[in-house]
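Asker: Below are the structure tokens for one structure; questions will follow.
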Amino acid sequence: MEPKLYKPPPQVRGMTSLDKEAFTQTITVPALRVPTGVLNKVVKSLKKSTVQRPGVPRVVQDAEESSDFRLLLLDPHKVTSPSSFSEVEAEALRSFEVTKELQDYELHLTYDNLKSEEVLEAVLPLGQDVTTSFSRVGHIAHMNLRDHQLPYKNLIGQVIMDKNPGVTCVVNKTNMIDSTYRYFKMEVLAGEENMVAKVKENGVTYEFDFSCVYWNPRLSTEHQRIVQLVKRGDTVFDVFAGVGPFAIPAARFGANVLANDLNPESYRWLQHNCKLNKVESKVRTFNLDGRAFIQGPLKQELPALIKEKAGIHVVMNLPALALEFLDAFRGLLHLEAPSDENLPTVHCYGFSKEENPKMDMVQRASCSLGFPLEKGCSVHFVRNVAPNKDMLCVSFTVPKEVLFSSDPQQTESGEEPAPKRQKCEEST
């Protein structure tokens, strides 16, 4: 490990309220006196040997305050004597007629010159994990602190805000995601308590109250992947739409969209974002339970859509529960004449902790539908959300045997769905 230029004072260890002055330190570094006429060339040639610190200039005024010379500050761990320069560096100094004569310079380092990792490593007890990672949601930094870091939570929040330009609020998740309305309860660690964020994803602008809705910046690639499957004129049913990261881009691509969310706040911001992105005429919004949306608006639109040629997509992004809603498709169109011409494609998300997560997803989706999907679906890995926990998306065309089943309470083989559901639960 490379030696560190800054060694924190021992008295900052265990600090829970940030005292920036306590981090101030003066160190002695070697400096090279360089004529101003060749200064830029020398700086470039000695770039690997100079001091590299946030907010610390590499070039300073010399002690004599001469306009003809400047001091170039060097890293004391890389340059300890004139012989420390590499052959290439030494040759450059000779060609620029710079004397390899070093002098000491008293460098004043403050909290502002430290990286967030350095501050937190100095403060937290030795041997404990240091967390500097966070999700950025507009001006908000969203952290997920561990229990041993909670005594230092406000200090950590202040450091994250200080060291990341544009972050004016730092929050910490206080519990798991709410499975009904899909948002985290959180507390403000530092900064303003303004939770209304503005973000841009894949060229689309969204605004929302982050404390009341679900938003995950790590899903931008997945949002884009699904939207790129949609063609102009297609219809998209977004069962758990949130604030619109699938619905609005799809509408911008020319799709007709029906977007739903049970959370009244998500529904409100979904409507707001449709107007913000000028797609309100292409998106019909609903504030229903996911099952009610499938068995209501989706069921009403489907008979006419399957007689046309345009694609039909159903997006179900509620990973904790979405697979359990698939049984809503059983016998959904049992009063209609069976057809296999233009059946809807479902993109359903879920979590898996199993050794074979893709197989697990297919088995659970099959259980919920009451129909085997093994040969009629694809599974896409989305992301690893925790150790041994993956998020995946299973995509399939709804089988006509499911959609047009004469008895929505039974599967094709006549089995009652309740035992099937029990088996699904046991398999997870």
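Yeah, the Cβs are placed from backbone N, Cα and C, and that goes for glycine too.
Values in this document were obtained by computation on a predicted structure and should not be read as measured data.
Take a look at what TrEMBL says about it:
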DOMAIN    134-400  domain 'SAM-dependent methyltransferase TRM5/TYW2-type'
BINDING   HIS223, ASP261, LEU262, ASP289, GLY290, ASN317  S-adenosyl-L-methionine binding site
REGION    405-428  region 'Disordered'
COMPBIAS  417-428  compositional bias 'Basic and acidic residues'
Asker: By a 10 A CB contact count over all chains shown, which of the binding-site residues listed here is most packed: ASP261, ASP289?
Answerer: ASP261
Asker: Taking the Cβ of GLY290 (S-adenosyl-L-methionine binding site) as reference, which residues of that chain separated by at least 6 in sequence fall under 8 Å from it?
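Answerer: In sequence order, VAL239, PHE240, ASN260, LEU262, MET316, LEU318, ALA322, PHE325, ALA328 meet the Cβ cut-off.
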Asker: Sequence gap of 6 or more, Cβ distance under 8 Å: name the residues on the same chain that satisfy this around HIS223 (S-adenosyl-L-methionine binding site), in order along the sequence.
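Answerer: Listed in sequence order, they are GLU201, ASN202, PRO245, PHE246, PRO249.
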Asker: What is the biggest Cα to Cα gap, in Å, among HIS223, ASP261, LEU262, ASP289, GLY290, ASN317, the residues listed as binding S-adenosyl-L-methionine?
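Answerer: Between the most distant Cα atoms of the S-adenosyl-L-methionine site, 22 Å.
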Asker: Neighbour count, 10 Å Cβ-Cβ cut-off, for ASN317 (S-adenosyl-L-methionine binding site): what number do you get?
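Answerer: Total other Cβ atoms inside 10 Å, all chains included: 26.
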